[in-house]
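*Asks:* Below are the structure tokens for one structure; questions will follow.
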Amino acid sequence: MLKYIIKRFLLVIPVILFVSVIVFFVIQLPPGDYVTHYAAQMAAQGEKMTAQEITEMRQNLNLDRHWFIQYLLWMRDIIFYFDFGHSFNYNEPVTAVIERYMVLTLVVSTITMAFTYLVAIPIGIYSAVKQYSIGDYIASAIGFLGMATPNFLLAIILMYFSYVNFGNPLLGLFSSEYEDAAWSWGKVLDLAKHMIIPVIVIGTASTAGLIRIMRAQMLDEINKPNVVTARAKGLSEQKILYKYPTRAALNPIVSTLGWTISSIFTGSTITAIVLNLPIQGPVMYEALLGQDMYLAGTWLLFMAVLTVLGTLISDILLAWLDPKIRTEIKGG
Amino acid sequence: MKQMRANKRSTEQPLLSVEDLKVTIQMDNAVLKAVDGVSFTIEKGKTLGLVGESGCGKSLTSRSIMSLNPKECETTGEILFNSSLDQKLKGLNILDLDPTGKKIRSIRGKKISMIFQEPMTALSPLYTIGNQIMENILLHRTKNKKEAKQIALEMLRKVGISDEEKRFNDYPHEFSGGMRQRVMIAIALACNPELLIADEPTTALDVTIQAQVLELMKSLQDELGMAILLVTHDLGVIAEICDEVAVMYLGEIVEKAPVHEIFNQPKHPYTKGLINSMPILGTGKQRLEPIEGTVPLAINMSHKCGFYDRCTHRIQGICDVQAVPETQVSSNHSVRCFLYNEHEEDEQNA
């Protein structure tokens, strides 16, 4: 098993290197660069940059070199100095920008994910066990509705209701008085209050989807002969339900857990913009708009690495859960 | 005829008696009579073979005994299980029990157990076979895990799995089909049941393995003394281990007799057809005679004999109008066919 994990881990390295080249290539593809963007901004403020100023700025930032040279320089800094470059927009190192938004992103994402799984799995099981009951129909209706409603629309609706009923649309993650305050119980409570809408908005679609998946998996498992065998042994219905169908139905769900890692770190973008959440999604969006290439590039690379690692984690989880795959690994 | 049955019951109570068992399934706009008034008994330590084509209701009949039918089914009738060890069960109709309740669960796996057709899907792929054997031992025999493991290992040895200490921790996919069925048998017999229901236990296995598994069931029956209800479509399997045979067709038992009588003097045209469609080794020239036609669906059936459309001996004006009564050909041979109705009357007249 350990040999398998090490082997898989070594395979990850070339994949990530390859992905990083593509990422960098894609980032510099749009016409113009940060300097054009900057000059346009200055012009809008009434200050015209001379052609010489523009070339000098380009030279200072190494933007006049071939993109592959720029890539190599970037990689050299990453590998030797753990320096992912400089964010032009924020005028500070990329790592500092990412660090600033990371904690809140993780908080929002993990709570949303916990909400999704905690709500979806029990409802999915119930829906399957009581197939075609009123409860099943209600769960299915809500599920389809949740999948079909665009997140940003739901966000706007919830903000509206919050404003009408409580006089506060609960924008952002903190009220203004706590924004810059040190951490205290008041701040945590304030955060919790502000979390409700984002968690519901971001979580609804995936919850709805997960309910459907869990229900279908359970229906598959409930009718398997091994459940009849368990019943013929005299086990109670509840014990049978937990030990056989539920455990088997969880396999595909747990094994896809790894893939959700990248979305945990990035957070959602459109919803975050609508709700004005200080998390990574909007930062990434701004970086792409403003041709802030190192920030955007680092982001894309980060997501790619997380996806690759997530897949690796999924494979390991699957091997851990499924005895059949475990045997294959032992054999090979 | 009825009197004779009553007499038989009073002398010695059979281990299992099934009376007028009916299983119906409500379809969208019709009722499917999957099992239509089946009655039979199994004596202690004996083997009854229930034989018939797919869809004749034999599996539902066997599952009714443990109240394991799917919830879409409506099951009525009387199933009495006369355990010699548990007097409390006497006179209790299994079908009256709550199918998920405590009472029926204390019978399942302990007094009556079951093995199934597909040993791969009947075992869960997620747990070791040791775990799956110990499950019902821990439920019915002992709460002590060490003791349960000892019993499980002994069972594995009994069903012919060598190196049982190591195999105990293996998963079902690491066993071959025949070995898996042996594991199933070990699970079923782990609590010394008085009745074993085997639902097509050899159908999914190679012929050579089939013989081994049947041999194993027979020797375990000699050793442990349980009765067996063997459900199969394979007359060869019946010939090998059964004492008595009930032939099922379209939800009804059409003929019931001791095993040698079924093969030597089959009465019902369907039984004859079944025997004729069996290949006999060493008589290469003989062509097999299939039964023409297919089993009709048991929906909205009229009173006529279910086999009417396929029968070569049908009597127009009788077989297609009247319900067919059961005729006793001899003391332990009964048949549901008009061809023998007169025969009985002749005897009575004489």
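Glycine is no exception: its Cβ is also placed from the backbone N, Cα and C atoms.
Sharing the record's features from TrEMBL:
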- A:102-318: domain 'ABC transmembrane type-1' (DOMAIN)
- A:9-29: transmembrane segment (TRANSMEM)
- A:101-125: transmembrane segment (TRANSMEM)
- A:137-163: transmembrane segment (TRANSMEM)
- A:195-214: transmembrane segment (TRANSMEM)
- A:257-279: transmembrane segment (TRANSMEM)
- A:299-321: transmembrane segment (TRANSMEM)
*Asks:* Give me the stretch from A:101-125, A:195-214, A:257-279, A:299-321 with the greatest number of Cβ pairs under 8 Å to the transmembrane segment (A:137-163).
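*Replies:* So the stretch in question is A:195-214.
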*Asks:* For the transmembrane segment (A:195-214), which recorded stretch in the set A:9-29, A:101-125, A:257-279 gives the largest number of Cβ pairs separated by under 8 Å?
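*Replies:* Ranked by Cβ pairs under 8 Å, first place goes to A:101-125.
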*Asks:* Can you tell me which recorded stretch out of A:9-29, A:101-125, A:257-279 has the most Cβ pairs within less than 8 Å of the transmembrane segment (A:299-321)?
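*Replies:* If we count Cβ pairs closer than 8 Å to the transmembrane segment (A:299-321), A:257-279 scores highest.
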*Asks:* Go through the chain and flag residues at least 6 beyond the ends of the transmembrane segment (A:101-125) whose CB is under 8 A from any CB in it; none is fine as an answer.
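*Replies:* Residues 139, 173, 191, 195, 198-200, 202-203, 206-208, 210-215, 217-218, 241, 246, 249-250, 253, 260, 263-267, 277-281, 283.
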*Asks:* Same chain, outside the transmembrane segment (A:257-279) by at least 6, Cβ under 8 Å from its Cβ: which residues?
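*Replies:* Residues 101-102, 104-106, 108-110, 113, 151-152, 155-156, 159, 171-173, 197-198, 201-202, 285, 299, 302-303, 306-307, 309-315, 317.
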